[in-house]
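Everything on this sheet refers to the single structure shown next.
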Amino acid sequence: MLQLATAISKSEIADNIYELVLKTALGKYTLRPGQFVHVRVSKSVEHVLRRPISISNIDKGNNEITITFRAEGPGTKKLAEIKEGETVDVLMPLGNGYNIESAKAGEHVLIVGGGIGVPPLYELSKQLHERGVKTTHVLGFNSRKDVFYEADFKAFGETYVATADGTYGTKGFVTDVIGEIGTGFDKFYACGPKVMLKVLDETMPMDGFISLEERMGCGFGVCYACVCDTKDGRQVKICTDGPVFEKGAVVL
Amino acid sequence: MMDKLQIKLPGLDLKNPIMPASGCFSFGEEFSHLYDLSELGAIMIKAATDELRPGNKTPRVAETSSGMLNAIGLQNPGVDHIIENELKFLEQYDVPVIANVAGTKIEDYVEVAEKISAAPNVSALELNISCPNVKEGGIQFGTDPETAYRLTAAVKEVSTKPVYVKLSPNVTNIVEMAKSVAKAADGISMINTLIGMRLNNSGRPILANTTGGLSGPAIKPVALNMVYQVRQALPDIPIIGMGGIATVDDVLDFISVGADAVAIGTMNFTNPYICKELIDELGKKTEEMNLNHIHDIKGRAFL
C-alpha cells in the first residue's frame, strides 16, 4: 500500500490547480476511476497528515498516474513545490472508486464535476468511452481562471462549462446547464462540493453515483475522521466504504 | 538481541517497549495487512463504551504545525461487539492487548471494564479518563484527583486484569493526579491530547466540535516533562509514555525520563509502518549504544 513514486512532470493547468504525473509500479493493482492516493507532502513532521488526492489519469502501461489538486493550504502548496525527479511517498490505491460496469455499451450517461471534483471524472469518462458508453459532461467552476480539462473531456463527448461569475460558458451552476440540456440520460456520475452533490442527489431522476470529499486522517479506515451517515441509519467511512456512493445512499 | 528490549509490566509481557496508542490503530485489522501484529510490544485498542457511540459531527480532524487536532468523539461499536468481533480477530496474534475503557458515569466504566477484562486476550485495561472530546463527561474524571481515584478503585474491584490509567495533560498539577490514581492503579499511561482549536480563513472553527485534542510531535516536549515530573514523584509506578513520538530518539527520550514503555499515536497516520520501523531501529540502537537492556537508560535524565 505504501509506494514510493517519482515525480515525472508537474504543471499548473489553471489558477492554483496543479497536475502531477507520478511514476510507480502499478502492476499489482486493479485501479478504478474515482480512487485516490494519500500523499505525504514532505518528509518532515511539520505536516503529519497526508493529503487525499484523486487520481485523474491512469496509464498502466507506463506505470504512471496523474493526480490533480488545488494548492490551497500550506500542505498542498508544499506539494506544488515538488520538482521533477523527486520522490513522493503515497499510500495507494485507496477508496472504492466508480463501478464502470454500472453503465453498458450504448448507454448515454451524464458526468457532472464541480471545481476540484472534476479530476477523477476524467479517468472515469475515458474508461466509459473505451467501453462504448456515450458521455456528456457538465463542468462547473467559479471563474474563467479556474477552468481546466474542458478540451480533454470534449475528446470523449459533448462538454458544457458553467462559471459562477459568468466569465466563461454558462453563467451559474452545473444545475443551470442541466436545466437547459435536460435529464434524458441513463445514469449520472458526479464529484464536487457537497452542496452540488446534494442538489443532484435530490433532483436527478435517473440512477447515479456521487463521490464525496472530507478531511481525512489515516485514509485507510483507522481513525474514524471521515465518516458519514447512511439514509438507513448506519455510519460509513468515506475513505474505505467510499468515496463513491450510490445516489440516495448517504445523508448529505 | 531482542531480549534486550523485553519488558515485564503488570499483566504485560512485552517483546519490546513499543505499542500503538489507543485511537490511532483502530482494532488492528487494517494494519494486519501491512505487517505482522505479533511483532508489536502490545496493542492499545480503540476505546470501548457500554453502547455503540456514533461520535461527533465532521470535520473531525485538522492539521496544525507538526501536529493535528481530532474530535472523533469515541466512535465505537460498543463493548459487546468489540468482544465478539474485534477482539476475536486479534486472538490469532501473539500480542498483549490493552483495552481502552471509556464512559460518562462510574457505572459505565465499571460495566465495560468487567466485561472486557474477561476477554481471554485482553492483558490489561487502560482507563480513558482524559478524552477531551465528549461533552457529557469523561474528562471530569481526568481533572479531579479524588474522582479519578474513586473511579480507578471501582474499576479495580471488578477487573480481572491490571488497570492502567491514562492521564490528561489538561490539568494544573499532573503529579497530584498521578499520585491520586496510583493509590489504586497498577500503572499509568500518559499523556492524552491537549485541548486546542484551529480556525478557517473566515475566522470560524474548523472542527465541528469547535475544539479538539492536539497530538503529534508538537506536544512531545509537554509529554516528556510530564513523564519526568511523575517519575520523580512516583519512582516505582509503571509508566507507558506517549505524546508526539516520531523517531527512535524520541523513544529513547521517553525512557530517559523514566517511562517503562512507549506508545505511538499520530505518526501511525503519517507512516503506517512507524511502529514496526521503530522496533527495528530500537534494536539496532541498543546494540550501537552497547546496552545490556533498553532499561539501562531508564531515568538517566535524573542522573
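Note that Cβ sites are derived from N, Cα and C of the backbone, with glycine treated the same way.
All annotation found in TrEMBL is predicted automatically rather than curated by experts.
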- Note on the structure: Checking TrEMBL, the member of B:GLY78, B:GLY213, B:GLY216 that binds FMN with B:SER22, B:LYS46, B:ALA47, B:ASN100, B:ASN128, B:LYS166, B:ILE191, B:GLY243, B:GLY244, B:GLY265, B:THR266 is B:GLY216
- If we take the Cα of B:SER22 (FMN binding site) and draw a 10 Å sphere, the binding-site residues of B:LYS46, B:ALA71, B:GLY73, B:THR193 inside it are B:LYS46
- Looking at substrate and its recorded binding residues B:LYS46, B:ASN70, B:ALA71, B:ILE72, B:GLY73, B:LEU74, B:ASN128, B:ASN192, B:THR193, figure out the farthest C-alpha pair and report it in angstrom, whole number. 16
- Query: Taking the residues the record says bind FMN (B:SER22, B:LYS46, B:ALA47, B:ASN100, B:ASN128, B:LYS166, B:ILE191, B:GLY216, B:GLY243, B:GLY244, B:GLY265, B:THR266), how far apart in Å are the two Cα atoms that sit farthest from each other?
  - Reply: 20
- Message: So if I draw a 10 Å sphere around the Cβ of B:GLY73 (substrate binding site), how many other Cβ atoms end up inside it?
- Response: 21
- Task: Sort out the sequence-distant neighbours of B:GLY243 (FMN binding site) for me: same chain, 6+ apart, CB within less than 8 Å of its CB, listed by position.
- Result: B:PRO169, B:MET190, B:ILE191, B:SER215, B:ILE219, B:LYS220, B:VAL222, B:ALA223, B:LEU224, B:MET226, B:GLY265
